[in-house]
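Asks: Sharing a structure, written as structure tokens. Questions coming.
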Amino acid sequence: MALNLSHQLGVLAGTPIKSGEMTDSSLLSISPPSARMMTPKAMNRNYKAHGTDPSPPMSPILGATRADLSVACKAFAVENGIGTIEEQRTYREGGIGGKKEGGGGVPVFVMMPLDSVTMGNTVNRRKAMKASLQALKSAGVEGIMIDVWWGLVEKESPGTYNWGGYNELLELAKKLGLKVQAVMSFHQCGGNVGDSVTIPLPQWVVEEVDKDPDLAYTDQWGRRNHEYISLGADTLPVLKGRTPVQCYADFMRAFRDNFKHLLGETIVEIQVGMGPAGELRYPSYPEQEGTWKFPGIGAFQCYDKYSLSSLKAAAETYGKPEWGSTGPTDAGHYNNWPEDTQFFKKEGGGWNSEYGDFFLSWYSQMLLDHGERILSSAKSIFENMGVKISVKIAGIHWHYGTRSHAPELTAGYYNTRFRDGYLPIAQMLARHNAIFNFTCIEMRDHEQPQDALCAPEKLVNQVALATLAAEVPLAGENALPRYDDYAHEQILKASALNLDQNNEGEPREMCAFTYLRMNPELFQADNWGKFVAFVKKMGEGRDSHRCREEVEREAEHFVHVTQPLVQEAAVALTH
């Protein structure tokens, strides 16, 4: 799951991809910029490519992230004299994403610890897990989010799946009446903010990457990133005779077959991992070994031989074969800022030239095609199983106020001052009835470094408008752990989706919010009281007229009554 400072992605708006089987030619269909339409509202349409064509590129400047969830929102009871609250909340299947009848509130899920299942395929800290889940249930949360790690389940050999600890953990959730968002985590754990443990890719996959290093994402300096298999190899039988996409599909099919009895009742959502930190993006800002530090612009990740082969073919199809040998090498280094570089600078930057449009269109379309392939498999595998499919998009809010939006571009989201990079993603998800899950919901613009022109609130607003236009449900997560009322208030505000363009005032809220994360800090008395009040307020929805003080008084009484249970959870997790 996404743990980074906050990531989001975007993509290009090229020719729509037909759902179903992808072909090699679909990777190469890049039309000249004049043949593509500009994006929807809120974006400047006076686009003109100008400035010098950076071809040949300059040398780099070195510098210092249900078909129907009908049961996803059941009633919960608060015992010990506090009364019972009945709320029926459901994910919306289609239409205007997240729209509900009468503003019925936003269900809250809580992310489980990354190491909830051990490397030995058992439940980690079993006693702590049970006490913690009981506490969460008593607080009124809808359910939990669990990483189902590829590197744990299919660790030993291809096609051999050990569901060990997951069987026990999911049965415990069922027993307690908690719903589950299961994340198909095809990435490595370790190397991102908040990654407290290391869970590598399956050993047999690592062996194949060792034999063929080009299976790893690669930057222009030859640095390899092993968090996730390069999308350039998606359709090649490079993993013991199977393609990466086939491996992901086989894993999801095995999960479905093993947990069929829980799908639709306990397991209500399948979040499909599509990149580093489980997000649909390139690993453009890797934090391992200090390669990238916030708020650097990151670097393009398309220099493995498979991606370069696709770029070469795309350039030939476009009629500019000289553009096919490399990506822009004047785009700076990981920790540069946009104005440090020729490619991303405001005036005359290569991003705003014909070459820049060609490259960024190809780069972002490769990411869209990757998502389309995996979603097509997921949709067919989980069809009629009563679960909703979701995809996580990173909240990349730094340098959002610049013209080029450099960090979004290197991550694969073709989002600039003149182009909406999130609508194409939303449209792709809409074709598969999937949920658009977005991070950095808790952040406010003024909390972030203003010299880096960070704007998480404006970014969330843009994404909300894109999902509204595409009629796709929007869900949210906080990017960093927060326990304060100020962050909770921002989440409440963002989840209400109060947009000026909101279809004549029709009620629309996020379909769900997932809170990062369950840990000892959450169960500290002060934090727990604020969290309980937050969950209550989220459940009441936008139409609630109760003041926060009233909700907090209820929460205080609740915390007092359930104190022994919460203390047990805190102590057990600490040890």
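The backbone N, Cα and C atoms fix where each Cβ goes, glycine too.
As listed in Swiss-Prot for this protein:
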{"type": "ACT_SITE", "residues": "Glu279", "note": "active site, proton donor"}
{"type": "ACT_SITE", "residues": "Glu477", "note": "active site, proton acceptor"}
{"type": "BINDING", "residues": "Asp147, His187, Asp195, Lys392, His397, Thr439, Asn478, Ala479, Arg517", "note": "substrate binding site"}
{"type": "DISULFID", "residues": "Cys73-Cys511", "note": "disulfide bond"}
{"type": "MOD_RES", "residues": "Ser55", "note": "phosphoserine"}
{"type": "MOD_RES", "residues": "Ser59", "note": "phosphoserine"}
{"type": "TRANSIT", "residues": "1-41", "note": "transit peptide"}
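So where do these features actually land, and what's packed around them?
Replies: Glu279 (active site, proton donor) falls within a strand when secondary structure is assigned with DSSP.
In the shown protein chains, 26 other C-beta atoms lie within 10 A of the C-beta of Glu477 (active site, proton acceptor). Glu477 (active site, proton acceptor) falls within a strand segment according to DSSP.
A coil conformation is recorded for Arg517 (substrate binding site) in the three-state DSSP classification, outside any helix or strand. Around Arg517 (substrate binding site), taking its Cβ as the centre, 21 other Cβ atoms fall within 10 Å, counting all chains.
Other Cβ atoms within 10 Å of the Cβ of Cys511 (disulfide bond) number 32 in total over all chains.
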Asks: Relative to the Cβ position of Glu279 (active site, proton donor), how many further Cβ atoms are located within 10 Å?
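Replies: So the number of other Cβ atoms within 10 Å of Glu279 (active site, proton donor) is 31.
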Asks: Nearest to Cys511 (disulfide bond) in three-dimensional space, by Cα, is which of the recorded positions Glu279, His397, Glu477, Asn478?
Replies: Glu477
Asks: Would you count the other C-beta atoms found within 10 angstroms of the C-beta of His397 (substrate binding site) for me?
Replies: 30
